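J.: This is the structure I want to talk about, given as structure tokens.
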Amino acid sequence: MTKQVKPTLISIILYEALFLISGFFSTLGQQFLYYQGAATGLSLLTNTATYLGMAAVGFLLLPGWYGSRKNNDDINMASMTKDYQLLPGTEEETSIDAQNIINTNQPKEVVDHKIIFAAACLDVIANFALTIGFFYVGSGMYQVIYSSVVIWCAILSFFFLGRKISFVQSISIIGVSVGLALSALGINQNKELTTPPPPSSSTGTTMPHSYHMSNTMFGMLLTSFATFGYACVYVVSDQILTARAPNTLPPSPKKVCFLVGTYGSLISFIYIIFYTIPNWNILITQEMVKKIPHSSNFVIILMYFLLSFSSFIHNFAYYWLMKEIGNVSTSILNALRAIIVFGLSHMMFCKIDHGQCLNIWKGWSAFIVVGFVTIFSVSKARESK
């Protein structure tokens, strides 16, 4: 048995950097397309780009698939060669039969496509709601709210998977709730701003701007609901990756990512064919006209390709980090991502959309949410030791 090689510090830092940078680009890139009028909540274009990137993770499965197929071909060839042995019952034939018995008794990977398809449908619904909420509250507050997904996962795991929640984790859950509630005060303060942002809408039709309290509060609630939906997806994925029958193995995380991305892409393409394309003029063309002058079509198309590539890099780095340093460290990286995106959104978009502007209440909200998410993650790490 070969000894597992531990990753070097440089490789860990490299993959963490890829995870964070691709996460920054995905969030801010979607926000950029929204301000250009080239992305709306109901168009599902940015969602499709994300799913295509997830499906592209399947390319990482090709070397393993080719190796297992070659191994099976070698076994089949050895079985055929057995028939031409001149002396039946020799050691060679016995070893071939023993090898076949060993391979027969080895656990086989079993993929339940029905459950994975159900997880993909739930993912599409949650992503759909998350995108609309994202365009309402802006990239900064969206990232802070979404960082609480680890808390929702813990609550769902407690009720449905029987996993315990410690006292420190319970306090962290309460702290995150308080932090999210404080963001409402920050939204109320932004309401006092009088200079309106450029005309923009979350769904492609005429809707009030994101700096209005009522609409941003709706976006906050919708984002929170969608975050809960994503936590449900993660819990279902946890079951897919851990539940197993005797003599079987669950699918690898990469394969689940590939299948969810593939099914999500197919569902999104069906939606685009039957809804987005027939309503292209309302959803995209008219919105882009409102944003004139906007970036060229080449820049917008390039941005969509880069979103798909960023999604691929993000998922590739995510599963490598999950394998090498665990999900707790990845949760802390997501908390760090929330703080940095929050600051970048203020610097990049505050001048054109006051809903993105940082104020003291939003700052405290981000600090409290990310802080308690980090405390929760460290507590989980100590439990696993």
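Yeah, the Cβs are placed from backbone N, Cα and C, and that goes for glycine too.
Residues or ranges marked as transmembrane segment in TrEMBL: 12-29, 49-67, 115-137, 143-161, 168-187, 217-236, 256-277, 297-320, 332-349, 361-379.
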J.: Under 8 Å, at least three CB pairs between the transmembrane segment (256-277) and the transmembrane segment (12-29) (pairs 6 or more apart)?
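T.: Checked: the transmembrane segment (256-277) vs the transmembrane segment (12-29), no contact.
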J.: Can the transmembrane segment (297-320) be said to touch the transmembrane segment (168-187) if we require at least 3 CB pairs below 8 Å and skip pairs under 6 apart in sequence?
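T.: In this chain the transmembrane segment (297-320) does not contact the transmembrane segment (168-187) - fewer than 3 Cβ pairs sit under 8 Å.
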J.: Restricting to the same chain and to residues at least six past its boundaries, which positions have a Cβ under 8 Å from a Cβ of the transmembrane segment (168-187)?
T.: 141, 144-145, 148, 151, 154-155, 213, 216-217, 220, 224, 355, 359-369, 371-373, 375-376, 379-380
J.: Which residues of the same chain, at least 6 past either end of the transmembrane segment (217-236), have a Cβ under 8 Å from a Cβ in it?
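T.: Residues packing against the transmembrane segment (217-236) from afar: 115, 118-119, 122-123, 125-127, 129-130, 132-137, 141-142, 145-146, 148-149, 152-153, 155-157, 160-161, 180, 183-184, 187, 202, 210.
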J.: Do the transmembrane segment (143-161) and the transmembrane segment (361-379) share at least 3 Cβ pairs under 8 Å, sequence separation 6 or more?
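T.: They do touch: at least three Cβ pairs between the two stretches lie under 8 Å.
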J.: Under an 8 Å Cβ to Cβ limit, what residues of the same chain, 6 or more beyond the ends of the transmembrane segment (12-29), are close to it?
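T.: Non-local partners: 50, 139, 142-143, 303, 306-307, 310-311, 313-314, 316-318, 320-321, 324-325, 330, 333-334, 336-337, 340-341, 344-345, 348.
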J.: Could you pull out which residues elsewhere in the chain have a CB under 8 Å from any CB of the transmembrane segment (115-137), counting only those six or more residues past its ends?
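T.: Same-chain contacts beyond the flanks: 30-31, 34, 39-42, 44, 46-47, 50, 145-146, 200, 202-203, 210, 215-216, 218-227, 229-230, 232-233, 236-237, 239-240, 251, 256, 259-260, 263-264, 267-268, 355.
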